[in-house]
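**Q** Here it is, the structure, as structure tokens.
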């Protein structure tokens, strides 16, 4: 079990897609989701980890509460959702709010409601389909051990390449690690 501090970008049940802009150091509005799509979880990022899509590593925070964009909270990693977004690896760590006594019993993905896991899989498989069908692909869930390895790998990427502009990072990584991209 790993403790992390998650910076919240998007509140659970929001239809507004916010995104952290590392260059400006701010959370900005990216777009409004289409139709009745709403985020099924609080959505945040880890500022010390860079995912293969050139953005900070994403975290879905399981909680009964909604947290405002721009807030930080303590969480513990319980797994991950493997995802490809427009050809780029875009992993979502799954964590639970660590300061909520009601969630103390959740130590692994198996402790979460399977319907909630199906809901996040459906959401992330479909929320961009209006752009192009199949733009996002969710290949499944991984356990805590896998998630912690992915987090460490992304921390290493941030340390080595976090200074690069996003497009330059992706171009470099596509050559060095083609297995992380679907082109």
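The count begins at 1 with the first shown residue.
Quick reminder: no glycine exception, Cβ is built from N, Cα and C everywhere.
Dumping what Swiss-Prot says about this protein:
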BINDING   17, 31, 43, 127  substrate binding site
BINDING   53, 58, 90  Mg(2+) 1 binding site
BINDING   58  Mg(2+) 2 binding site
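Mind running through what each feature is packed against?
**A** Other C-beta atoms found within 10 angstroms of the C-beta of residue 127 (substrate binding site) number 20, with every protein chain shown included.
Remark: residue 90 (Mg(2+) 1 binding site) has 51, 52, 53, 55, 58, 83, 84, 136 as non-local neighbours, by Cβ distance under 8 Å and separation of at least 6 in sequence.
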**Q** Just to confirm: which same-chain residues, 6+ apart in sequence, have a Cβ under 8 Å from the Cβ of residue 17 (substrate binding site)?
**A** 10, 29, 30, 31, 32, 33
**Q** Mind computing the max CA-CA distance among 17, 31, 43, 127, which the record assigns to substrate binding, rounded to whole Å?
**A** 15
**Q** If you count other CB atoms within 10 A of each CB, which of 53, 58 wins among these binding-site residues?
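**A** Top count of Cβ atoms within 10 Å goes to 58.
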**Q** Residues with Cβ closer than 8 Å to the Cβ of residue 43 (substrate binding site), same chain and 6+ apart in sequence?
**A** 8, 9, 10, 12, 58, 59, 60, 61
